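Engineer: Please find one structure pasted underneath; my questions will follow.
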C-alpha cells in the first residue's frame, strides 16, 4: 500500500487545444495542523521515558524501521510533515529501548507509521473515493495516539501484564488494529480506482495528442508571416466599420477591404485579427506573400484555415475535421485543394437546416492579389477567388474578411459587378484628414523611438511643421511613412530626414510619393557604377528567385556570375529600409519590386527580366554541374526511410536544392545554343543525383520541373523523348520518395527494359539487379475506386482537372484527375459524391464552363449539380415521369437527352425549360452528343444515327445507316466535322457530318459490342471501348489501329473520354473502377506484341534463333523478334479455323501448326511461306509435337498420327488408347519417348519408335491439361484444372514428392527451363508463375499483366525469357531473371550500403 515519494515533479505531455503544452502532476504534502497531529505530538511526549519495549521483538521490527526510514525521506518536502516524522522516528528510538513491548503494540505503531507515509505521499493528488478514505484517518490517528498515551502511564511490567490480563486493553488494541486493516483495504481500493481513472484520462489525452498531430500536419510551414499591426489610436474609423460587420450575424458574409499598395491593408488585417482573437471571434487567418507562392498554394490556404478553425472551435468544428483526417477521408499531403476544401471546410462548417449561428467565426485573408506570385498567380487566383464567391451561397459558420489591391479580376468576382453579398470598403483611394492624422501619429511615434536611442537629437524633432509636411506628403500611404522611418533610423537621423525634406522627396499631392521616395533611396545610396551594377545583380536575383534565399545561399548560387558576399552585404545594408534579411532575402513590401519592375529600360536600376532569368538559369545548371554527386545526403544505410533521418533536408544546402528545383523554370526563355548540350549532360550524367536532392525534401517539384522542361523551345526530339521518359520514371518511382537508396535498389531495376534512363544508368550501378517485366512504360496511370457498382459514364472537365463519373449505385462522383499536380506531385484520388438519384445513373457530363455537372438516370430525372463545393449540391432538376433517361449531353445553350420513349428532348441550359421533343427513332435512344450550338447527334437501338439542327431542332438529312445492330454510342469531334459510332455489331464507324457519308471502312478489332467511343480534342485519335474488356485506339485519318491495347479492365467497358489537354484518357467498366491512361504512352508500341485479334492460344520459342511464334483463334500465326519485340514479316495465314497448337522443328527451320480446320500445316520460317498441308484427321487437331524426325498430332477423332519432318509423309496412325480426349502430346528431348495427356485423368508414355505404350501415370483427380519433359528426359511435369502441378519420374512412373497447389484455377500450360531448374506455369487465373523444380517452391512474384486466362507459356532456349499467350489477345514477353532466387532475394533485401555508381 505504501507509495514511496517520487523525488521530483512529474510532467505528462498534453495538448488539449491542438498545440504543444504540458499537464503537471506534482506529488507533495498538504497535511494541515489538525487534531490528529496534535494528538500524535502529545503521544510523543508521553512515551519519551518508555524503556526497553522492543527487547522482545528482535528481527521482526525491521519492517517498521524500513517504513519509517522511507517516511523520513519523504518528509523532507514539508516542514510540518518533517516534524511529524521526526517525532515518529523518536518514538521508534524510544520504543527500541523497551524490551517488554509485545507484538500487538509493535504492529500498531508500524501501521501508524505506514499510514502516515501513505497519507503524506498521496493526499495532495487524491481525488474522489480516495480522498473520502483519507478524510476518515484523522480520528483513527487520534485514537491511536490516545491509546499510546494511556499505555505509557503504566510501568513496563504492569503494561506487559495488563495486556495479558485486561480484556479492555486487549480489545482496544485489537479494535485499533482492525481499523487500520480496514483503512488499508479502502486505501488500496481507492488507489486502484484512482489509478484506473487516471489511466483512462491519460489514454484520452494520448488520443488528443494524436489528433493534435493530425491537425499540425495541416499547417503549412515555411511562410509564417506576421505583418505589423496598426499603431494604437490609428485607423479607428476603418477598424470600427470592420469590427461592427464582424460582430453582426446578419448582413454580408464577406468583407472586402481594397486599396492601392502601401495603404496599410495588411496592418489593418493584422489588427483585425488581434481584435477578433481577443473577442474569441477569430476563426483563422492567412497572409499571402508574393514571394512565398511556392508554398502558399490554394491547398495550403484551405489546410491552414481548417487547422485554425479546428483550434478555435474545439466543440463544433474540430471533431468534424478530426473525423475526416483520422478516417483518412481526406489526406492533406496527397489530395488536391478541391478535396481539402469540400471535406475540411464546407462540410464541417455547414449549418444544419433550421439552425443559425449568431456568433460566426471570421476568417481573415490578407493580400489576396499576391496569391500565386509572379509565376502561378493566374491559375491559383482562379482556383481561390471563385470559391470565395461560391462559399457565400452556402450556410456556413464563418464570415470572410479579405484584403487586396483593387484588382480587376477580384473586382469582377467580389466587387459591384460580382458578388452581391459582399461589403466593400476602399482604403487610401482618396487622402482624408483622418488618414493624414493617423499617419502623423504613426510618424510622431516612430520619430520618438528613433530620438530615444540618440543622445544628440534636440527636441522637438522633427518640428511640428516638418511632421505635418511629411504626413501630408504620405498621401494616405502608410508604407511611405514606414519606409521613411526605416530610412531615417538607418544612419544619421537628423541629416537623413533633412535630406528627405530638402532634396525633393516632398512632392505635390498630384505626384506619387512612394515612387519619389524609392527613387531617392536608390539615387542617394547607389552613386557609383560598381554599386549600381551590384544593385541590379542582387535585386534582380531577389526578384527573379522563385522562393526567397538567404544571403549566403544566394551568393553560393550566383558565385559563377561574379557575385560575391561583399556585393550582397553592401546592397542589403543600403536597402535596409525596404529589404528583409531574416530567413531569406525578401522585400518588406510588394510596392518596392513593383517600382523596380516599372522603371524604363534607360533607367540604370531597370530590371531586365530576360537577363536575370538567363543568369539564374545558368547559375542553377552550374551549381548542379559542380555539386551533384552520388549519395548527396551521405546516407549510411539503405535500411532507413527518409522520414527516419530528421536532418535529411538540411544535409543538402539550400542553394543546391534551389538549383535542382527551379532550373527548368529559369531556362524557359534562354535561347543560348550551348544549353542544349548542358541539359543533355544533365540527363546523361546527373539525373539520379538530381532526384536524390529533390527526394530529400519529399519529392515535391520533380514532376512540375520536368513538365516545365517539356515546354522549353530549345528541346530537340531526342531530349524531348528523354524528358518524357524521365517524367514517367519520376511518376512511377514512388519508393524513392520514401527512401532515397531505392532509386538505385528498386526504381532503376524495375524500370522497363526499354526505358532510356535504365539503359543509360544500369551499366553504371555495381551489382545491378536485372529485373524483368515490361519493355515499355505502361500507360495505366491510376485507378479510382469509390463506386460500388458498374460505372456507366465518365467525362472530363474542360480544364482537364476533374473527372465526373456516373454509376449503377445511383451516385455521381467528382474526382481530381490532376494526379501529378503542380502543388505536390502526388497521386491524388479524392472523390466528391453527389446523391439525389434513386435509380441507375446512365450518363454524366460537365457543362462547357465547368460550373455544373449534369446527370441522367433511369429514375427519369436529369439533375444539374454544383461540382465545386460540397456533397449533393443540386442546382437544378428536370423530372420526367415514367421515362428512363439513357444519355445526356450539354452545349453552351442546351441540355440534350436520349430517352427510352424513342425521343430526343432538348431543354434550355439555364432555365431548364423544355424547348423540343425530337421524334424519329423507333428504338431507345442510347446515346446523344452535341456539336457546340450547331448540331445534335443521336444513336438508337433501331440501328440508326440521326443529325438534328440545334437551332430549329429539325432533322438534317436522312438517318445514317450502316450498322448491323443497335447503335450504342455516338461521339462528335471538337470541330464538329466528324461523327463516330459504336454498335452491337462489334464495329466502329466514322462519318463526315457535312456529307453524312461513311469515311473509309468500318473499323474492326473488337470481338464484342462496342459500348463507347470518343475523339481526342485534336481529332487525330478515336478511342473505342467494348464488352470484350478492351480499349482500342484508332488513327482517325487512316482508320488503322495505333498503340497498344488497353486491357487492364476486368469487365465490360462502359465509358471512355479524352482530357481536353490531350494528356489523358479515362475509362470505366462494370467492375466499379475508373482508370486513367497516358495518351502519350498508350500511343507507343506495346510491350507485349500486338497483332492478334482473338485468343492467343499457343506460343513457342525457336530452339536456335531469338524468335518466337504465336498462334491465335484469329486463324493466324505471327513470328516475333524477341530482342526488338517487333513482328517479323506478315502473319502466316492459311488455316480456316482456330489454331490450337504450334511447334518449331529442332533445327528451327520449320514451324508446324494444328487447327480446328482438321489440318496440320508446315511453314518455312525463313521465307514465311506454307510448305505443306497435312490432311487425314477427321476432326479438330488439338495438339502438335515435333521430334528431330517426326511430327506428331492428336485430334478430337481420337487418332494419333506421325508424319516425317523431312518428307511430310504420314508414317503412322493409331488410336490414342485413352478413355477420353487427348489434350496434349509431347516428345521427350531425347526423342525416345512421347507422352499423351488426357481428360481421363491419366498420362500415357509411349515408345517413340514402336508406338507401344510403356506406362500410365496416375495421380490427377481431374483432366490433365498440359505436360512438359525435363531436359534430361527423366522427369515430367503435368498440370490440372484443380490448379495442381505433379512431378513424375519417367523411369519408375512414380510421383516425385507430392503435388503443389500452383494456381487458384486451371493450369493450362507448363514448360521447364533448359537447365531444368525451373518450371513455368500459365493459368486460367490470368497469371504466370515460376517454380523451383527441386524444392517445388514458388520463385519470385506473380507475373501479372494478362487480363484473361493464360493459354500457353514457353521458355526461351537461353532460359532468360518467357513468352506467354492469353485469351486477352496478347502475347507477353517476360524477363525470367526477375525470379532467379539469388537475384530476387537480393532485391528484397537490398544491401547495407546501397551500391556505388
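Cβ from N, Cα, C; glycine included.
TrEMBL: automatically predicted annotations, no manual curation.
According to TrEMBL, the feature domain 'Nephrocystin 3-like N-terminal' maps to 242-405. TrEMBL lists 784-814, 834-866, 885-917, 918-958, 960-1001, 1003-1044, 1089-1130, 1174-1213, 1215-1256, 1257-1290, 1300-1341, 1343-1375 (among others) with the feature repeat 'WD'.
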Engineer: Roughly where does the repeat 'WD' (1343-1375) sit in mean pLDDT, to the nearest integer?
Structural biologist: 85
Engineer: On the DSSP side of things, how many residues of the repeat 'WD' (1003-1044) fall into helix, strand and coil, could you say?
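Structural biologist: Its residues divide into 0 helix, 22 strand, 20 coil.
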Engineer: DSSP-wise, what's the residue breakdown of the repeat 'WD' (1300-1341) into helix, strand and coil?
Structural biologist: 0 helix, 20 strand, 22 coil
Engineer: So if I exclude everything within five residues of the ends of the repeat 'WD' (885-917), which remaining residues of that chain have a CB under 8 angstroms from its CBs? That is, six or more out.
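Structural biologist: Counting only partners 6 or more residues beyond its ends, the repeat 'WD' (885-917) has Cβ contacts under 8 Å with 842-848, 854-858, 860-862, 864, 876-878, 923-933, 936, 938-940, 942, 946, 948, 950, 953.
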Engineer: Same-chain Cβ contacts of the repeat 'WD' (834-866) under 8 Å, 6 or more residues past its ends?
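Structural biologist: Result: 390, 393, 792-799, 802, 804-808, 810-814, 872-892, 895, 897, 907, 909, 912.
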Engineer: Could you tell me what the rest of the chain brings near the repeat 'WD' (1003-1044), counting residues at least six beyond its ends with Cβ under 8 Å?
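Structural biologist: Same-chain contacts beyond the ends: 779, 965-966, 968-975, 977-978, 980-990, 1050-1062, 1065, 1067, 1069, 1077, 1079, 1082-1088, 1090, 1093-1094, 1347-1348, 1368-1369.
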Engineer: Let's see if you can do this one: DSSP helix, strand and coil counts over the repeat 'WD' (834-866), in that order.
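Structural biologist: The breakdown for the repeat 'WD' (834-866) reads 0 helix, 18 strand, 15 coil.
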